[in-house]
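TrEMBL lists B:12-31, B:70-93, B:105-128, B:148-165, B:204-226, B:266-286 with the feature transmembrane segment. According to TrEMBL, the domain 'ABC transmembrane type-1' annotation covers B:70-282.
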Amino acid sequence: MTVSKRFRWSAVLDHSILIMGALLMILPVVMLLQMASTTDVHTMKNGPGLVFGDQLPLNFQKAMFKADGFTGANTGVRMLYNSMILGFGFAIGKIVVGMMAAYAIVYFRLRFATLAFWVIFTTLLLPLEVRILPSYEIVQKLGMLNTYQGLIIPLIASATATFFFRQFFRAIPEELVEAARIDGAGPIKFFVDILVPLSRTMIAAMFIIMFIYGWNQYLWPTMITTDEGMYTLVRGIKQITQVNEGTNLPEYGRSNLLSIIAILPPVLIVIFFQRWFVKGLTESDK
Amino acid sequence: MKRAGFSHRWLPILFLVPQLAIIFVFFYWPALHAIRSSFFLQDPFGFGENFVGLKNYTAMFKSAAYMRSAWFTVIFTVLVTVLSLSIALLLAVKADKVIRGAKTYRTLLMWAYAVAPPVAGVIGLVLFDQSWGPIKDFVALFGWDFRLGVNYFDTAFAMIFVSVWKQLPVNFIFFMSGLQSIPKSVREAALIDNRSASGRFWDVTFPLLAPTGFFLLITNITYALFDTFGIIDTIVKGKPGNNPMTLVYKVYVDGFRGNDLGGSSAQSVVLMILVLALTVFQFRLVERRIHYT
C-alpha cells in the first residue's frame, strides 16, 4: 500500500515538472498569437490577456501584404519568399557541395587528400561571426551585396555537411565499392546510382537541420541585405519592431503575427519530421 | 580513404573544387584579412592605413568598455550554460521516466529548437514590456521595478532569461538521446542495487550522461558567445547605449557601426583564439570519450 502510494506521488511530481516545462515553452508563443487576435488599441492598453479576439484575419492580411519603409517592397509575402530561397538554397547548396567533397576525399586515391582534409576541416573551428566584417568587405568587393548568391554562398563556407558525409561514407562497407567495380561501374555511376540512394536518410536528416539553420540566419542577412525587397522574415522582424518603437500606436498584431509566420515552417518541420530531425541533430553535431 | 578507391586524374579534383573555392574565398581570405587588419589603423574615410603593431590590442585591453563587455560575456555565458543545462537535464530525466504522454511531452519540449533567436528576442520584449509585460507585472508583486533597456541589471536578466529559454530544446534533445542510449540491462541492474531514485540517478545515470554533458557544455558556451546575437540585438532594439552587450555584439557595433576596423578586427582575432581553444579542448575530450556500451 505505502509503496504504491509513494509511487503515485512521484508520478504526479514528474508530470507536474513536465507540464511546467511544456507551458514555459508554449505560453510565450500562445501569448503572441493572442495579441495578434485583438486590436492594436486593445493590446496597447491591456497587453496580453486570456481572451482571444476576432482580429486574426485582418492582422494576417496586414502581416502578409502591408509593407513599410521607403520602397514598400518588404511585404510578408516577399519576405516569406526570400526566406524560402535562403532556406532551400543554403540546405541544397551545402548538401551538394559537401557530398561531392566527401566523396572525393573518401573514395579516391589522391596525393593531397590529407591536405585537402585539413584545409576543409579547419573551417569547422571558426564560426562566421568572428570574421563577419572582412567577409562583408569581400562580398562587397565581389559586388554581391543584396543578391541571393551573396546571402547564401558565404554561409556554405564551413564544412559541417562535408564532415557529416565523410563519417557516413567511411562507415559504408568496403565490399560495396569492390562489388560495384567488379560489375564495371565507374566512379560517377557508383556515386549517382549507389551512394546517393544509400544516403537518402542521411540527406533528409541533414536537409532538415540545414534548412532550419539557413532560415534562422540573422546577423549575415542583416549585413548583406539593405534592399528591402531582399529582406527575409527573420531579418525583417527587427525593422518592424523598430518602426513600432517610433509610433503612437504600435502594430502589435502585425508584428506578432509576422513573428509567428517566421517560426512556423521550421517548427512544423521539427514536429512532423521529428525522427529525422533528431537523427540529423545528434549525429551531425558530434 | 577506402582501400578499393577509384583512381582518376581529374574527377576527384572536380568534386573538390566547389568546396575548396568557397572556403578559400569566404573563409581563409576573410580570416587572414581580419588578422592583418588587426595590426593596422585604418583611415576612417578610406584613405589608406598605417601599420601600428599591437596598438589595437593594447588599446582594446585598456578600454573600460571592452573589459566591461568581456566580464558581462563571461557571466552571461556561465549563467546561460549552467541554467539551460540543468533545467534541460531535469526535464529530460522526467520525460524519459514517464510512460503516459511521453511522446507529447517530447514534442512540446523540443519544437522551440526551430525558433529564430530574434523571434525569441521579440518574445522577451513582450514578456518584459514596460507597461504590461506579464513577467514585469509578476516581479512587481515582489517590489521589483523592472526596467528593460534602461536598467543594466534588468536588461541582462531579460537577455539571460530568453537565451536560456531558446537553448533548452537543444540540450533536452541531446540529454534525451543520451538517456535512451543507456542499455536496459544497466538500468535493471541499477534498479536491483539501489532502491532510491535519486541514488540511482547520481550513481548510474549521471556518470553515464557525462560524455553528452561535456559535449553540450562546449556547444552551450559557443551558443552563448555567438548565437545569442539575434536575441541581444532585438532586446536592445539595435540601440546598445549603456546596455549590456556580449563580445560578438561589440565586434559588430564597433566595426560595422563605429567604422573602427582595426579595433574590431583585433576583437575578432581574440574571439578566434577563444573558439580555437574551446575546439581543441573539445577534440581532446572526444578522443578520451568513454563508451560504456
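Cβ coordinates are placed from backbone N, Cα and C, and glycine is handled just like the others.
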Residues from the same chain, set at least six apart from the ends of the transmembrane segment (B:12-31), whose C-beta lies under 8 A from its own: 6, 272
Contact check, the transmembrane segment (B:70-93) vs the transmembrane segment (B:148-165), 3+ Cβ pairs under 8 Å, seq sep 6+: yes
Surrounding residues of the transmembrane segment (B:148-165) on its own chain - C-beta under 8 Å, 6+ positions past either end: 72, 76, 79-80, 83-84, 87, 112, 120-121, 123-125, 127-130, 133, 135-136, 223-224, 228, 231-232, 235-237, 239, 242-244
